[in-house]
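All remarks here apply to the structure that follows.
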Amino acid sequence: MAAKLWNLLLVAASVHLVGSVEQLHQDLIHEFSCGHKYYRTFHLDEKRESLYVGALDKVYKLNLTNISLSDCERDSLTLEPTNIANCVSKGKSADFDCKNHIRVIQPMGDGSRLYICGTNAHSPKDWVVYSNLTHLQRHEYVPGIGVGIAKCPFDPEDSSTAVWVENGNPGDLPGLYSGTNAEFTKADTVIFRTDLYNLTTGRREYSFKRTLKYDSKWLDNPNFVGSFDVGEYVLFFFRETAVEYINCGKSVYSRVARVCKKDVGGKNILSQNWATFLKARLNCSIPGEFPFYFNEIQGVYKMPNTDKFFGVFSTSVTGLTGSAICSFTLKDIQEVFSGKFKEQATSSSAWLPVLPSRVPDPRPGECVNDTELLPDTVLNFIRSHPLMDGAVSHEGGKPVFYKRDVLFTQLVVDKLKVNLVGKNMEYIVYYAGTSTGQVYKVVQWYDSGGLPQSLLVDIFDVTPPEPVQALHLSKEYKSLYAASDNIVRQIELVMCHHRYSNCLQCARDPYCGWDRDSNSCKSYTPGLLQDVTNTSANLCEHSVMKKKLIVTWGQSIHLGCFLKVPEVLSSQTISWVHYTKDKGRYPIVYRPDKYIETSEHGLVLISVTDSDSGRYDCWLGGSLLCSYNITVDAHRCSAPGRSNDYQKIYSDWCHEFERSKIAMKTWERKQAQCSTKQNNSNQKTHPNDIFHSNPVA
């Protein structure tokens, strides 16, 4: 009976739990916070060793080496909102909506000046300041600065994007490109370029350009996530209601839009609007006969000095949650913009590709020296046909990585080149922030056949439980910078020694290598063990924990490789194998009366006998995690030979248990008597009492 009860308890304890996220070592983290300030905008300037953070009524300048050394007052610029009363009178909250949330920080020229735009109590306003966060001198007036409408949002909760472009604009004059809401009511969303001024004379040379107002074919309730200056174009990434799907129901698609930097609009048609605006769908999906789409882009990153764009996408937040990382090339994007256009003949018609014979010349959307010279046929076509028929395919035809029950919010990417046994390996490392304040670290490489492969290397907390609102990476300072509404954290990219205690995990991190001499994880240098691609099954075998145990007959024992299984390994198949002289090698099949799997993928052996002797190996795929050599000592506790022996042992156990119960009751009775005497004693006045009752008549 007791044995059955013990087995049931073990079974209950073996219920599978989700793998744990191991906390980062404190030496890997620096942090900065001045309270609940909504830190949502980053601009990183390695030249000035600074991370600029846009927050509530403030811009902070943090030390890139160690953000903890920064001071809330000394290293900040205060930009108080104006006309708060008017904002409150419109039904907005004084403590959040009617503050000045800084949403744009962009370098101007060589970076010695910064362009800043904030919500300013639902009345957007912009500034130009020095990079040391001091205001310009009075004589350094910058024309066109002061009103931030269409440059950053009214509502601090609205998504927006902006990029300052120095070169390639009309007259080669600098200006801001933005994607945001341009009205208090949010009815007018816009992709916008500011008026272009000659900064020497202060004269306006070119008027602003924008998307067509209130036209769902151009923009339909977009959420902007990024914008980039790329050659003769500016690219915008966003998600919006899919106008081409509206007849079948409401759905959201991810988009990339393109405008030419030299665009000055049309002469009579589209005179204030873009004459080169095009947009296309971004395809991030799991391939198959019926592809599974991650339709909603949440964040985008362009790796410096490359033509690659990396995005995090999610399923609809109203359904089952899932997220994916997909990559796109500029070449694939441009090919779609050079392809067929899409149109809807009538409001009830299906959206179909436009026949090539109906596309005017010069081709709509192509960059020309002067868009005012474009014929009306081209301008009318672009006005009614901004959408391309094809979708931009993701690299490799599949996501880099995808995961259910996770919402990715931000993404940054690093590239590593490693000399591995005379062979140069290139790894792309993705850091994806989540809505619960974690970062997923994924590594990608190309196999010998040129096919992309990826592996989840680590998961760690950065801002739990709050979402990661901003994320940036510095190769020079070897740090990852993440922000939530409450805190900014800096995490070292190379976290080997403080992160991995075993060879298996260490060897899978492209920044790290296992030192067999010191039996520790170090920053990778040639000669250390590394196996990111998981092709060397026996690489870590010499470092595997191997133990010898001598157990007595009838004893139950626990074999395990981890105190806590890292979450990155929790979803992988971990198996146990038993080696004996008689049976050879055979896999352990779990059953409640003999072999029980623990929540950390350990193994419990119930009531061992001679046949349980031998070696027990724990495997993760083709990698050995740990090994135990078990010897059953039958001399110290021999097996009962007959049923009478079992009955005698059981009877002895029952008598012992009964004696223990009697002893416990005796102790409880005496304890109660002592308590009663103590209470009676405390009620009497002691002659040495310092305080006593002495009522005054």
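FYI, residue positions are counted from 1 along the chain as it appears here.
Glycine is treated like the rest: Cβ placed from N, Cα and C.
Of the listed cysteines (C503, C512), only C512 is recorded by Swiss-Prot as the disulfide partner of C496. Looking at the candidates C87, C117, Swiss-Prot gives C87 as the cysteine bonded to C98 by a disulfide. Secondary structure at C98 (disulfide bond), taken from DSSP and collapsed to helix, strand or coil, is coil. Figure note: comparing Cβ neighbours within 10 Å for the disulfide-bonded residues C87, C506, the maximum is reached by C506. Minimal Cβ crowding within 10 Å, among the disulfide-bonded residues C260, C284, is found at C260.
Checked against C521 (disulfide bond), the disulfide-bonded residues C87, C326, C367, C512, C654 differ in C-alpha distance, with C512 being the nearest. The C-beta environment of C654 (disulfide bond), restricted to residues of the same chain at least 6 apart in sequence and closer than 8 Å, is empty. Separation of the C-alpha atoms of C367 (disulfide bond) and C326 (disulfide bond): 28 Å, rounded to the nearest whole number.
For the disulfide-bonded residues C87, C496, C618, a Cα to Cα distance of within 10 angstroms from C506 (disulfide bond) holds for C496. Cα separation, C87 (disulfide bond) to C326 (disulfide bond), rounded: 40 Å.
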